[in-house]
Amino acid sequence: MTPVRLGILTAVIALALDQATKLWLLYGFELARKGVVPVTSFFDLVLAWNTGISYGWFAGQGPTGQILMLAFKAVAIVALAIWMARSTTKLATIGLGLIIGGAIGNAIDRLAYGAVVDFALFHVEIAGKTYNWYVFNIADVAIVVGVVALLYDSLIGAPAVKAP
């Protein structure tokens, strides 16, 4: 399999997993109706509509803000796709595919709902006080894992082959 095909396949898998989980939680499981659903002592399913970007930053910017975020995301996806096409390592190609798939997944939400669907919440109780992590989704996980893969590839991965 060529590196570009591997990257595209990775992006498609990340996108499919992201959208499938969101659709199932919204319409099959009906998470909105159920509210907070405890899964373990440290993990809940909870529906959160993120109108901003990461961690809810820039939320409430209205339709103009949404359009600007989508335009920026489209440019970023094209730039990442070009980088992926020129990538020389499998790990970088997979990492870029994960980032692209996650970015497209969240962009689809923004187009369809005007916000990103987040649902995963980790929390811990220490000395009687509960500490929550940010609510996130599969696309967010794909983006973070993709960034970690790129960092590993560029900082620790095999050295690039020198030209003769």
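A Cβ is built for glycine as well, from the same backbone N, Cα and C atoms used for every other residue.
These features come from Swiss-Prot:
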type: TRANSMEM; residues: 6-26; note: transmembrane segment
type: TRANSMEM; residues: 39-59; note: transmembrane segment
type: TRANSMEM; residues: 65-85; note: transmembrane segment
type: TRANSMEM; residues: 88-108; note: transmembrane segment
type: ACT_SITE; residues: Asp118; note: active site
type: ACT_SITE; residues: Asp140; note: active site
type: TRANSMEM; residues: 141-161; note: transmembrane segment
Margin query: On the three-state reduction of DSSP, what should I expect for Asp140 (active site)?
Written below: helix
Margin query: Using a Cβ cut-off under 8 Å, which residues of the same chain at least 6 positions beyond either end of the transmembrane segment (6-26) come close to it?
Written below: 32, 45, 47, 84-85, 87, 90, 93-94, 96-98, 100-102, 104-106, 108-109, 117, 119, 137-139, 142
Next item on the list: May I ask for the residues of the chain that lie six or more residues beyond the transmembrane segment (141-161) and have a Cβ under 8 Å from a Cβ within it?
Entry: 14, 17-18, 88-89, 91-92, 94-99, 101-103, 105
Check: According to DSSP, does Asp118 (active site) fall in a helix, a strand, or coil?
Finding: strand
Check: Which residues in the same chain, at least 6 apart in sequence, have a Cβ under 8 Å from the Cβ of Asp118 (active site)?
Finding: Leu47, Ala48, Trp49, Asn50, Tyr134, Val135, Phe136, Asn137, Asp140
Checklist line | Count of other CB atoms lying within 10 Å of the CB belonging to Asp140 (active site) | finding: 20
